[in-house]
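According to TrEMBL, the protein carries these features:
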COMPBIAS  82-119  compositional bias 'Low complexity'
DOMAIN    1-71  domain 'Lipoyl-binding'
DOMAIN    141-181  domain 'Peripheral subunit-binding (PSBD)'
REGION    82-130  region 'Disordered'
Amino acid sequence: MPKMGESVQEGKILRWVKNVGDRIERDEVLLEISTDKVDTEVPAPASGVLVELLAKEGDTVEVGKVIAKIAVGAVSVEAATAPQPTPQPAAQHVPQPAPHQAPAQTTNGTAAAVHSPSVAPAPVPPQGRTMKIPRKHGERFYSPLVRTIAEAEGISLEELETIPGTGLGGRVTKNDLLRYIQQRAGSPAQAPQPVAPALAPQHVEARVAQPTPQVITSPPPPQAPKPSWGPDVEVIPMDRVRQLIAEHMVRSKHTSPHVTSVAEADVTGIIRAHQLYRDEFQRREGIKLTLTPFFAKAIVDGVKQYPMVNVSVDGTNIIVHKNINLSFATLLPDGNLIVPVIKKAQLLNITGLAHAITDLATRARTKKLNPDEIQGGTISLTNMGPWGSLFGTPVINQPQTAIIGVYAVQKRPVVKEINGEDVIMIRHMMYVTITYDHRVIDGALGSSCLRAIVQSLEAMNPETVQL
């Protein structure tokens, strides 16, 4: 199982593309896997014949564990898949264990040997072990490392649920768990009380036992009654990706107090530049020029001016990111969403952003992204214009604290002041939103960043755009 990212510890086999006996070439797709980050294809590491599958579809396998064997080189399929003879072990003399002897009394009082079969003692469970910790319980996920440590330390699932998590979306990290274990070990243990010597009756004192303090836990909130659906519905189970999206969205709304600010941008200059340069750009660069790179460039320009929107929250600390790693929402063929990340977007011009967006979006739709390519984002862009949406309030992509929305461009009559006179003109107008985490971004900061983004959008035209 290949390592698909720094935080990925296991992968689930979705589908074997090749079967035992198939000849495969290096870098040819061998199987499809899913992690808690992304679904992706795994290429063959070498050319040869696939001779054995050691894990089946649906299995979850730890990173580094062998899942298949390939006979490398010019070996024939028949030779590679022929069953190997099993060597017969040499006959060995195994001495019989000595029977257990127990003394028994005979009728004449002498000891007689009683032969009884040896009985193996029942296995004793190792100390400090407890029930298996599931990967997910309720709204919480537990990494393989956290589960392993908890099981080794004898921490139950109920106890694990009480540990405050400082990781992504409140997950319990290794450090959280180790800190809890250290605190638990450091708490004063109940010292054994020495046994008091027996006192003479005339010196006996009345002693009242102190009550043991009881830990009172609040009962869990009542579960909402499960709805009873009628016969005129179709029940469609969520796939794995949709479950992850749902969990992430709910967690974000529970984590961040969302505030949305709105502004209107005149993007007539961008529309004209796009119409003027798109054909020549495609001939020169080999990719289509869309409006999204223009929007991405304006966001980067605005964030440069207001870096305190490019932050994350870690407990009571604000983490300021030095690079602008721009996440952008991408629609997948199955209707789900994925959010690839343009790393160090502040170093790219519109042409560089266009290439990065095209490359990441194409590989996202063909399941060729690595998990690291959807991690590390510091601020997000969502473009709902292609579906005709005029306005929205996006959900923050945790652990980020801001997401910028761009929407449909419409031609509208707008009042402009030219040479001191008000003039009604037909302009290409677009709403822009910024949704931010009010824990660390106030209205003045969020609106100022939004204004800077709008100013960058309105400054682009055929004369100023550099492609």
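Cβ from N, Cα, C; glycine included.
Since this is a predicted model, take the numbers as computed values, not measurements.
Mean model confidence of the domain 'Peripheral subunit-binding (PSBD)' (141-181) amounts to 79 (pLDDT, 0 to 100 scale). Under DSSP, the residues of the domain 'Lipoyl-binding' (1-71) split into helix, strand and coil as follows: 0 helix, 33 strand, 38 coil. Helix first, then strand, then coil: DSSP counts for the domain 'Peripheral subunit-binding (PSBD)' (141-181) stand at 25 helix, 1 strand, 15 coil.
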